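Per Swiss-Prot, the features are as follows:
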- 22-42: transmembrane segment (TRANSMEM)
- 46-66: transmembrane segment (TRANSMEM)
- 97-117: transmembrane segment (TRANSMEM)
- 121-141: transmembrane segment (TRANSMEM)
- 151-171: transmembrane segment (TRANSMEM)
- 174-194: transmembrane segment (TRANSMEM)
- 224-244: transmembrane segment (TRANSMEM)
- 252-272: transmembrane segment (TRANSMEM)
- 276-298: transmembrane segment (TRANSMEM)
- 342-362: transmembrane segment (TRANSMEM)
- 369-389: transmembrane segment (TRANSMEM)
Amino acid sequence: MTAVSQKTTTPSADFSLFRIAFAVFLTYMTVGLPLPVIPLFVHHELGYSNTMVGIAVGIQFFATVLTRGYAGRLADQYGAKRSALQGMLACGLAGAAWLLAALLPVSAPVKFALLIVGRLILGFGESQLLTGTLTWGLGLVGPTRSGKVMSWNGMAIYGALAAGAPLGLLIHSHFGFAALAGTTMVLPLLAWAFNGTVRKVPAYTGERPSLWSVVGLIWKPGLGLALQGVGFAVIGTFISLYFVSNGWTMAGFTLTAFGGAFVLMRILFGWMPDRFGGVKVAVVSLLVETAGLLLLWLAPTAWIALVGAALTGAGCSLIFSALGVEVVKRVPAQVRGTALGGYAAFQDISYGVTGPLAGMLATSYGYPSVFLAGAISAVVGILVTILSFRRG
C-alpha cells in the first residue's frame with residue numbers, strides 16, 4: 001500500500017494528470033463553443049420560443065444523467081481510460097449532427113431535430129468523459145488528493161467555457177453555424193492524440209453495491225450540488241438573450257468572466273477542500289454565488305452583469321470538489337466511478353430541469369427573473385448543506 005501511495009504522488013503522475021485535464025479542456029470546448037450560440041440559432045434563425053431554447057440546451061444534460069450509471073460501471077469494471085476516450089469520440093460525433101443541421105436544405109423542425117440529436121450525443125459523450133477522467137485521475141494520484149483531481153478537471157471544464165463562449169460567438173458571426181460545428185468535430189480528436197498514451201489504471205475488484213445503494217450514500221452532497229447548478233444553468237442558457245434584450249454587447253464575455261473567475265479560484269484556493277473539508281468551503285462558496293446572481297438580476301449595465309457573472313463563477317468554482325471530497329469519503333474504492341458519476345448526475349439533472357423551467361419563467365416575467373431564481377436556489381443549497389452535515 002505504501003509503494004502504491006508513493007507512486008501515485010510522483011511528478012510523472014502529476015504530469016499525466018495535467019495531460020488528462022488538458023484533453024478535457026479541448027474536448028469540453030465542444031460544450032463551450034456552441035453554448036451561447038445555440039440559443040441564438042434556435043430563437044433567431046429557427047424562430048422558436050424561449051421554452052424551446054431551454055429544451056435545446058437542457059436536453060443535453062438529461063442525456064448525460066441517463067448515461068451516468070453506464071459511464072460509472074464502464075469506468076469501474078473496464079477501466080477509466082476506455083470511458084474517457086469513448087466520451088471524446090462521442091463529443092466529436094455531436095459536431096457531425098450539427099453540421100448536418102447547418103448544411104442540409106431542410107425545414108426548421110428537421111434542423112431542430114438534428115440539433116437535438118447532436119445535443120443528446122454530446123450528453124452521452126460528456127458523461128463518459130467526466131466520469132472516466134475523474135476516475136482515471138484518482139487512480140493516478142490517489143484518493144487522498146481527490147480535491148486536486150476534481151479541481152484540475154474543473155479548471156479544464158470552465159476554462160473551456162471561458163474560452164469557448166466568445167470564440168464560439170466569433171466563429172458563428174464570421175463564418176456561420178457550419179464552421180462552428182466543424183470545429184467541434186476536430187477538437188476531441190486533438191484531445192485523443194494528446195492523452196491517448198497516458199497509462200491505464202487498473203479497475204478495482206471487490207463486491208460492487210447496487211447503484212441505488214451508492215445513491216443512498218451520496219444524495220446529500222448531490223442535492224447541494226444540484227441547487228448550486230441552477231445558477232450556471234440560467235447563465236449558460238439565457239445570458240445571450242438577456243444581453244440582446246437589453247441592447248448590450250459582450251454577451252460571450254459573460255461566460256468568459258464566469259469561467260475566468262472559476263479557474264482563478266481553483267488555482268488560488270483549489271487546495272481548500274482537501275485541507276478544511278468540503279462543507280465549510282461549500283457554504284461560503286454558495287454565499288458568493290448568491291451575491292453574483294443577485295447582481296445579475298439587478299444589473300443596470302453590461303459591465304455590472306459581467307461582474308455578477310464573475311462572482312457567480314467564483315462561487316461555483318469550489319463546490320463540485322468541496323462536496324465531491326465528501327462523496328469520495330463515503331464510498332469504497334471499487335465503486336468510485338459509479339459514485340462520482342452519480343454525484344455529477346445531480347448537477348446534470350439540475351441543468352436539464354432548469355433550462356425549460358427557466359424558459360417559461362423568462363417568458364412570463366422577463367429574463368432577469370431567471371437569475372433571481374438561481375439566487376434563491378443557491379440560498380436553499382446553503383440550508384440543505386448545513387442541515388445535511390450538521391452532525392459532522
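From the backbone N, Cα and C atoms, a Cβ is placed for every residue, glycine too.
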If we skip the immediate neighbours and take only residues 6+ beyond the ends of the transmembrane segment (369-389), which ones have a Cβ under 8 Å from one of its Cβ atoms?
220-221, 223-224, 227-228, 230-231, 233-235, 237-238, 242, 279, 282-283, 286-287, 289-290, 293-294, 296-297, 308, 312, 315, 323, 326, 358, 361-362
Per the Cβ filter (under 8 Å) with a sequence gap of at least 6 from its ends, the transmembrane segment (46-66) is approached by 31, 35, 38-39, 108, 111-112, 115-116, 119-124, 126-127, 233, 236-238, 241, 344-345, 348-360, 362-363
Taking 97-117, 121-141, 224-244, 276-298, 342-362 as candidates, which has the most Cβ pairs under 8 Å with the transmembrane segment (174-194)?
97-117
Remote residues contacting the transmembrane segment (224-244) - C-beta distance under 8 A, at least 6 residues beyond either end
35-37, 39-40, 43, 50, 53-54, 57-58, 161, 169, 250-252, 254-255, 258, 282, 285-286, 289, 292-293, 296, 302, 305, 309, 312, 315-316, 319-320, 323, 343-344, 346-347, 349-351, 354-355, 358-359, 362, 367-368, 370-371, 373-375, 377-378, 380-381, 384-385, 388
Rank 22-42, 151-171, 252-272, 276-298, 342-362 by Cβ pairs under 8 Å to the transmembrane segment (121-141) and hand me the top one.
22-42
Do the transmembrane segment (252-272) and the transmembrane segment (22-42) come close, with at least three CB pairs under 8 A (pairs 6 or more apart in sequence)?
yes
Can you name the far-off residues of the same chain, 6+ from the ends of the transmembrane segment (151-171), with a Cβ under 8 Å from a Cβ of it?
17-18, 20-22, 24-29, 31-37, 130, 133-134, 137, 179-180, 183, 236, 240, 251-260, 262-263, 266-267, 270-271, 273, 313, 317-318, 320-321
Chain residues outside the transmembrane segment (342-362) and at least six past its termini with a C-beta under 8 angstroms from it
49-62, 64-65, 68-69, 72, 123, 127, 130-131, 134, 211, 214-215, 218-219, 221-223, 225-230, 232-234, 236-238, 241, 320, 323-324, 327, 369-370, 373
Grab the same-chain neighbours of the transmembrane segment (276-298) for me: Cβ-Cβ under 8 Å, and only residues 6 or more beyond its ends, written as numbers and ranges.
221, 224, 227-228, 231, 234-235, 304-305, 307-319, 321-326, 368-369, 371-372, 374-375, 378-379, 381-382, 385-386, 389, 392
Are there residues at least 6 beyond the ends of the transmembrane segment (97-117) whose Cβ is under 8 Å from a Cβ of it, and what are they?
34, 38, 41-42, 46-48, 52, 55-56, 59, 176-178, 180-182, 184-185
